[in-house]
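For reference, TrEMBL has these:
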type	residues	note
DOMAIN	82-507	domain 'Major facilitator superfamily (MFS) profile'
TRANSMEM	82-103	transmembrane segment
TRANSMEM	115-135	transmembrane segment
TRANSMEM	147-165	transmembrane segment
TRANSMEM	171-194	transmembrane segment
TRANSMEM	206-227	transmembrane segment
TRANSMEM	233-254	transmembrane segment
TRANSMEM	314-334	transmembrane segment
TRANSMEM	370-388	transmembrane segment
TRANSMEM	395-413	transmembrane segment
TRANSMEM	419-441	transmembrane segment
TRANSMEM	453-476	transmembrane segment
TRANSMEM	482-502	transmembrane segment
COMPBIAS	511-520	compositional bias 'Polar residues'
REGION	511-541	region 'Disordered'
COMPBIAS	522-531	compositional bias 'Basic and acidic residues'
COMPBIAS	532-541	compositional bias 'Polar residues'
Amino acid sequence: MAYKRKKDSNISLVTSQTDDKSILTVHEEQPGKDEPSDEGVCNIQVQVDFGDSKDRSSGISETFTVEEAVEAIGFGRFQWKLSMLTGVAWMADAMEMMLLSIVTPQLRCEWRLSSWKVAFITAIVFIGMMVSSSLWGNISDKYGRKLCLILCMLWTLHYGLLSAFAPVYSWILVLRCLVGFGLGGAPQSVTLYTEFLPIKSRGISIILLGVFWALGAVFEVLLAMVVMPTLGWKWLLAFSTFPLVVFAASCCWLPESARFDVLRGREDKALDTLKYIAAANGSSVPTGRLIANTQTERGRIRDLFIPEYRKTTLLVWLIWFCNAFSYYGIVLLTTELFQSGSAFFIFHSKTIIECNLECNYLTIHDYVDLLWTTLAEFPGILVTLWMIDRIGRKKSMAICFLLFSVSILPLYACTHRAVLTVFIFIARACITGGWQVAYVYTPEVFPTATRAIGIGTGSGMARVGALITPFIAQVLLKSSVYLTLSVYLICCLLGTVASLVLPMETTGRSLQESTQSTMEPKNMERPHGSETAESSSNTCP
């Protein structure tokens, strides 16, 4: 409504309030009117309905974010259940990876494969993971963490079972590549898990997920000790899908991330999820309305290279590459060196050190030593738990890389098998801890809109490292042990530097929701009668 003030008129504003309405009156009088009259007087009344006074006094006008809701709800029964389910996904990933170092020596002897063909069995899995990691990250950012995780785990289960029936070398390559394609989405379990964790619990909880990885690796070695000598490698492939079966049977419970729902504009669903978590934990959601930070463009790789994140993205990629290259390198080196019976032997006629890597089946003694080195992941996780919140994410990663480099130095010398096992144990503990910190740092440093694609591309770079490392640990090792060890030494020194020069420390930092700086508040709960109603009366002539 438009209103024009008359010349030489006097205006006064009067505000009155009833129980549930506020009335604004505009009173205009023209001079020269001695007697009260309706003529020359303009009354405009605007009534605004604020809802029941009881609702106003209860603080319903307050606002909260998903971050504040997660902090208020805290860590409880819901997070423990989610830890179990995402942990099963990690066990499945670990078992499929550990499987490579156990099955490839068997296939080398059974199918009389050259070193290049053996290395390619491992490499083809990482090719599948490298190709799919960014794709799964994009799916997670666009269509949801839950959908992405369920799809990739079911895909892995399907082709994992089929690979147990591979009759020849070419079929094992195709099917294990498809298994790798599914495993490329496994890191998205960390994306989902991270977004339900309070700040104080985040670092420790994600590190403890590494316990499930270690359990998966240990379980795979124990399973191989029983299955390989009696039933063979095909049954081992089939039994190794057991955690995937457990996940498939339980995934209907898996909730969607409330942060993701808010970002895509489904605030009602996000609020329902938060209320469900609060009920499970015996707490409550903050009163008020949920502030939604919506962003339609999600999961774009180019958003990782905006000025604020360009340096971080490149350094995170390098750290993931170094972690995977070194971790899978030490895993493959373990079986390669153990399979030879002795890491080195000295020709009596010459002082030249050579590798003695013949085609030998793994024995029970080899499995026991492999089990000991696999158990190294547990102390690595414990040390990382102590460090991560005390000295921060950056320094923790740098220390782990540096200690790995130091622990492989004694391998340059000819040494007994027991000494070899000890230093491999230390090296594996260090690189396991460092990689776990990278899993903590990456989802913390990227916002919700690009968190999954950030982890996905980081995981993709890790698979590049894992793809290259079989040709170092299984092929180059035959030519030069010294050169092989030097490659891993230099790689981890680069990882140390990259960790220290990261521009942001994320310890104690809230998760950012969007790459956009604007917040769009949206009312999530509207009490009865809270919608604004306006009425006006104009008595101006």
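A Cβ is built for glycine as well, from the same backbone N, Cα and C atoms used for every other residue.
Quick caveat, the model's predicted, so the values are computed rather than measured.
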Completion exercise
Sequence-distant contacts of the transmembrane segment (115-135), meaning Cβ under 8 Å and at least 6 residues beyond its ends, amount to 96-97, 100, 103-105, 107-108, 152, 169, 172-173, 176-185, 187, 301, 328, 332, 453, 456-457, 459-460, 462-464, 466-467, 470-471, 474-475, 478
Practice task
Taking the transmembrane segment (206-227) as the first stretch and the transmembrane segment (82-103) as the second, find out whether 3 or more Cβ pairs fall under 8 Å, excluding pairs closer than 6 in sequence.
Solution key: yes
Handout entry: Integer average pLDDT (0 to 100) for the domain 'Major facilitator superfamily (MFS) profile' (82-507)
Key = 83
Handout entry: Paired segments the transmembrane segment (453-476) and the transmembrane segment (171-194) in contact, 3+ CB pairs under 8 A
Key = yes
Fill in the blank from the handout: When counting C-beta pairs under 8 angstroms to the transmembrane segment (419-441), the leading stretch of 171-194, 233-254, 314-334, 395-413 is 395-413
Exercise for the section: Using Cβ atoms only, state whether the transmembrane segment (147-165) and the transmembrane segment (233-254) have three or more pairs under 8 Å that are 6 or more apart in sequence. Expected result: yes
Completion exercise
Maximum Cβ pairs under 8 Å to the transmembrane segment (233-254) among 82-103, 370-388, 395-413, 482-502 is reached by 82-103
Practice task
May I ask whether the transmembrane segment (314-334) has at least three C-beta pairs under 8 Å with the transmembrane segment (482-502), counting pairs 6 or more apart in sequence?
Solution key: yes
